[in-house]
Amino acid sequence: MQLGVIGALFLSVASSVSIVICNKALMSHLGFPFATTLTSWHLMVTFCTLHAAQRLNFFETRSVDMKTVILFGILNGVSIGLLNLTLGFNSVGFYQMTKLAIIPFTVLLETLFLKKQFSQKIKFSLFLLLIGVGIASITDLQLNFLGTVLSALAIITTCVGQILTNTIQKKLNVSSTQLLYQSAPFQAAVLFVSGPVVDQCLTKKNVFAFKYSPIVLVFIVLSCLIAVSVNFSTFLVIGKTSPVTYQVLGHLKTCLILGFGYTLLHDPFTERNIVGILVAIFGMGLYSYFCTQENKKKQQPIDLSISQIKDKEATLLLGGKNMGNQDKESQQDNKKLNRDPIV
């Protein structure tokens, strides 16, 4: 179980950092700005890949209520579109604030509706993490009414979507692969319809009129292939851990992307970025440590109960053997009495 979680976390970080670098090259250097439409292609390629895997019997499909799957897929598609609109109608700094607000809002929703308890230590570590990422990534804050409304809607839909990703997997006993396979077509459909409109609104360009050179097509295909791993690992991490842990992991990716941007793409890097990243990593370390300690405490009563059950079973077995031996001895004594003559 622990190896599975570590593998999922590593896959999520590696694939997310890779796709950000690929997409940055595609959009910044090759001039392809259509992020929402690109995401719809990501989801369709993900579905086609999973369909091929299912046909080859790599996993089995599991029937889930179609209404639940459709609503879940539409919600996630809308969430992606709103996040892209938030970036388009707000400054980069306010967009980063929006992403930071997802963690506390997720904690609030899980506490109110799922009755989940977060210790003060966990809250403190999350606070440090958010402060660190804020210092490292927020440079300007420019507010406007439409951007603020879009930001609020993006936070709500993202939080609810990620909580449902975890809840559906556990309540309906479906794997991350099964849920992604069934919901990906509906997410892709929402973005197929809305993507060109959203991109036209944000970039003032038409995705269908863009001149696709061979190098642009190569990067689009590469981005779609990496996205299969990104989408799969997202559902896997949320299912195996929690929405909050996934968001913490997302901020680790932000720190790594800032570092890779400096080393590989020569993006500007200041002392503020370094301090922020160090504070964020310290907060992540505390969060990981406190989560591990709390999981151990939760596991101890289970281990004790299992050992107690084993002790009771052993006692019953021993008792049964002793009773069996006593019965055999009494039967042998009765046989002797029956054989002895009466004087």
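A Cβ is built for glycine as well, from the same backbone N, Cα and C atoms used for every other residue.
TrEMBL annotations:
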- 326-343: compositional bias 'Basic and acidic residues' (COMPBIAS)
- 15-288: domain 'Sugar phosphate transporter' (DOMAIN)
- 318-343: region 'Disordered' (REGION)
- 32-52: transmembrane segment (TRANSMEM)
- 64-87: transmembrane segment (TRANSMEM)
- 121-139: transmembrane segment (TRANSMEM)
- 145-164: transmembrane segment (TRANSMEM)
- 215-238: transmembrane segment (TRANSMEM)
- 272-290: transmembrane segment (TRANSMEM)
Integer mean pLDDT for the domain 'Sugar phosphate transporter' (15-288): 89
CB contact flag for the transmembrane segment (121-139) and the transmembrane segment (272-290), at least three pairs under 8 A: yes
